[in-house]
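What follows is a single structure, written as structure tokens, with notes after it.
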Amino acid sequence: MQLSRWLFSTNHKDIGTLYLIFGAWAGMVGTAMSVIIRAELAQPGSLLNDDQIYNVVVTAHALVMIFFMVMPIMIGGFGNWLIPLMIGAPDMAFPRMNNMSFWLIPPSFILLLASAGVENGAGTGWTIYPPLSSNITHAGSSVDLAIFSLHLAGASSILGLINFITTIINMRTPGMSLDRLPLFVWSVFVTAFLLLLSLPVLAGAITMLLTDRNINTTFFDPAGGGDPILFQHLFWLFGHPEVYILILPGFGMISHVIAHYSGKREPFGYLGLVYAMIAIGVLGFLVWAHHMFTVGMDVDTRAYFTAATMIIAVPTGLKVFSWMAKLQGSNLQWSLPLLWTLGIVFLFTLGGLTGIVLANSSIDFVLHDTYYVVAHFHYVLSMGAVFAIFAGFTHWFPLFSGYSLHPLWGKVHFFIMFVGVNLTFFPQHFLGLAGMPRRYSDYPDAYTLWNTISSIGSTISVVAMLFFLFLIWEAFASQREGITPEFSHASLEWQYTSFPPSHHTFDETPSTIIIVK
């Protein structure tokens, strides 16, 4: 019975739970890799004594965190659990395809870990640029395994996004028009289209790389009339939308959390928030070359990409100010999800500001491939996406499990994590401005102080992670009843009769009634 329930599941709640559990495990693997990186960099001199191994760990850390932690949790976990509940649907549109979409992820993960375990590992960075990833500089099957891993993860995402798009278009309860769709549903909807348009480009690029490596094509080899810069264009045409794929569901979640704990019926500027997400999605495809300012583009091209990148700050700023407007003057409950959300509003904005700095192609010439870039994207991912996952998890945990997390210890966890990530990544801005390059396992003595502080912060973050595992155990062990929200919320997911909602949510089709005041 249990085998058929979890292995052959066609239930959106069970599949969402599988995604959340898988993402948690993958997150621990990715965190372990980041600890190896920070241990190597804690002091000058070598710990691993092998740059190739160091680069393999860096590559695997990035790919694990992106494809096996953030995406499965945000889109697979929260998306599967919440979207049917929020739109009043009995399940997803294609339940069996949903199951397949999940079960492609563990084999993909195994392939990625295998790529690190055979030959010399794939020490290419997550960008897999040729000629470093060619069969001359990376002989053996490591890069091929990594490519197959990405193919599988991409196939999984494609199946998932077909499901989400179909569900959101066709399975809304009567009365729920698109302009009444909860913001989290909108965010996953936009994210699904970003995946739909960007993943095939990645698939094409890595397939071309695969043939270059194995059957003597020369797409990226100048000796045969190819161009390695073509790979960079293809990769970043996927890679830039990808970073918005990672953060957009988080935007949706924190809009819900802020609305909920401000005691409001709906978010401030609902329509503006929706259009801002769509604008971010569209603009995300028009700025890819800002990752390649140093490849020798002419000045007009660089001017365009600088300007277009800065324009993305407008809809993003609109979201930040809408969140602040919602908080302003409301009777806040200082609950755990709200703390995470306020952390995001502050720290994501900080990361966005360093992004504006890097958008200037002339400044990026100096800062490209330094730790300033590392600091920038870890502020928006480690303190945007990851904090959003914690905000969403702590907010909806009573809905998922029927139990509530320990309120005080949850806040303790937040403060440990807050100190840890800031201590890890803030000093990296200084290292970058001082010229320390990325992806090196050793550095001159002048950089010792900030690297040591950064590594201490990393240790604190690990303590926070272990404390979080204890929090989850504690919640299930003590079985405190989940606290039902005191006031009805505009979002449907809290309206069901039990926590968690029954295995099959409905006995009959629900309908939404709009009360005009």
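Glycine too: its Cβ is placed from the backbone N, Cα and C atoms.
The following features are taken from Swiss-Prot:
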TRANSMEM  17-37  transmembrane segment
BINDING   GLU40, GLY45  Ca(2+) binding site
BINDING   HIS61, HIS378  Fe(II)-heme a binding site
TRANSMEM  63-83  transmembrane segment
TRANSMEM  102-122  transmembrane segment
TRANSMEM  145-165  transmembrane segment
TRANSMEM  183-203  transmembrane segment
TRANSMEM  234-254  transmembrane segment
BINDING   HIS240, HIS290, HIS291  Cu cation binding site
BINDING   TYR244  O2 binding site
TRANSMEM  268-288  transmembrane segment
TRANSMEM  305-325  transmembrane segment
TRANSMEM  338-358  transmembrane segment
BINDING   HIS368, ASP369  Mg(2+) binding site
BINDING   HIS376  heme a3 binding site
TRANSMEM  380-400  transmembrane segment
TRANSMEM  414-434  transmembrane segment
TRANSMEM  456-476  transmembrane segment
Query: Should the transmembrane segment (268-288) and the transmembrane segment (338-358) be scored as in contact, given a threshold of at least 3 Cβ pairs under 8 Å and pairs 6 or more apart?
result: no
- line: One finds that other Cβ atoms within 10 Å of the Cβ of HIS376 (heme a3 binding site) number exactly 24
Query: What other residues of the same chain, not counting HIS240, HIS290, HIS291, have a CB atom within 8 A of the CB centroid of the Cu cation site?
result: TRP236, GLY239, VAL287, TRP288, ALA289, MET292, PHE305, THR309
Statement: By a 10 Å Cβ neighbour count, the lowest-scoring of the binding-site residues GLU40, ASP369 is ASP369
Field: DSSP-derived class (H/G/I helix, E/B strand, else coil) of HIS368 (Mg(2+) binding site)
entry: coil
Message: Same chain only, sequence gap of 6 or more: which residues have a CB within under 8 Å of the CB of HIS240 (Cu cation binding site)?
response: GLY284, PHE285, VAL287, TRP288, HIS290, HIS291
Message: Distance check, please: Cα of GLU40 (Ca(2+) binding site) against Cα of the residue listed as 'O2 binding site', rounded to an integer number of angstrom.
response: 30
- prompt: Nearest to HIS368 (Mg(2+) binding site) in three-dimensional space, by Cα, is which of the binding-site residues GLY45, HIS61, TYR244, HIS376?
  reply: HIS376
